[in-house]
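Below is one structure, written out as structure tokens; comments come after it.
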């Protein structure tokens, strides 16, 4: 089968690292958001079919699936705050930042459109045909987070900073090979569990957005899909899930690197002519050592295992340490 020039050119484009990373962030974010927003739709619209725990499970395992989709290609950030922190701390080039963000935003926007299409009839039935942002028949909260009346704007801001900081700190811990990382092949599951734990313990106040890519694109979709400008005006909340996670993730990353990363004990250097045994450094004696004999201080004696003094005897590596050896 002969490939056409267009097919060949497309393959060449898709094999470029930047393009592959863009597509990886796009697809992984789409998968995460479809599962997450779908679980919220069940809670808001489905009565007995959904619950707050279901939302946490949906987002948590959605993240797990997203990591499986793109983990070895782009790192599966799926989060603009995580991408920003990696760039700001020198772990990733800034030239990749717009590529990752564009992929995440498009994936999240398309996921919102998918959920709207799948649940359109349920949304109309629940809301009586009026797409409300607030009130008992509000449905905009399926797609984006909104500040509850009991919290002030700045308390909500602080909540998002702290929660996102904890997220980033734990992500660094899970992936830090010099510390105690998740076992190879389990990172996706552990990160998903982390999202679930954050949701069930800290998600009540602001809906734990923790992610500009999770909140802003679906909010913009609701704006053009019929909910109107109110999605940006209600309590002036829209900018908080964009700015606060960036600050929180950056602070969380710095805290981990300063207090944990910099204090990790480096592996000790093995000195020449020595061996490491049960965390003790024991000098290895040469095959022959010229030492004075008991009969003459001038006659050299070759030390062999048979005549080596007891104090110089070293137990073999296969034997356990016994106090009588020392």
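Backbone N, Cα and C atoms are what each Cβ position is placed from, and that goes for glycine too.
What TrEMBL records for 21-45 (among others) is transmembrane segment.
What TrEMBL records for 51-70 (among others) is transmembrane segment. Same-chain neighbours of the transmembrane segment (51-70): 24-25, 27-29, 31-36, 38-40, 42-43, 76, 78, 187-189, 191-196, 199-200, 203, counting only residues six or more beyond its ends whose CB sits under 8 Å from a CB of the stretch.
Summarising the annotation, TrEMBL assigns transmembrane segment to 99-123 (among others). Distant neighbours of the transmembrane segment (99-123): 18, 21-30, 32-34, 37-38, 41, 45-46, 74, 77-80, 83, 131, 139, 142-143, 213-214, 216-218, 220-222, 225; these residues of the same chain sit at least 6 beyond its ends, with a Cβ under 8 Å from one of its Cβ atoms.
According to TrEMBL, the feature transmembrane segment maps to 153-174 (among others).
Residues annotated as transmembrane segment in TrEMBL: 186-210 (among others). Panel annotation: around the transmembrane segment (186-210), residues 52-53, 55-57, 59-65, 67-68, 71, 79, 81, 141, 144-148, 151, 155-156, 159-160, 162-164, 166-167, 170-171, 174-175, 240-241, 245, 248 of the same chain, lying at least six beyond its termini, place a Cβ under 8 Å from a Cβ of the stretch.
The transmembrane segment annotation in TrEMBL covers 237-259 (among others).
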**Complete:** Counting only residues at least 6 beyond its ends, the same-chain positions whose CB falls under 8 A of a CB in the transmembrane segment (21-45) are 14, 51-52, 54-55, 57-59, 61-63, 65-67, 69-70, 73-74, 76-78, 96, 99-100, 102-104, 106-108, 110-112, 114-115, 118-119, 122-123, 126, 139, 141-143, 213-214, 218
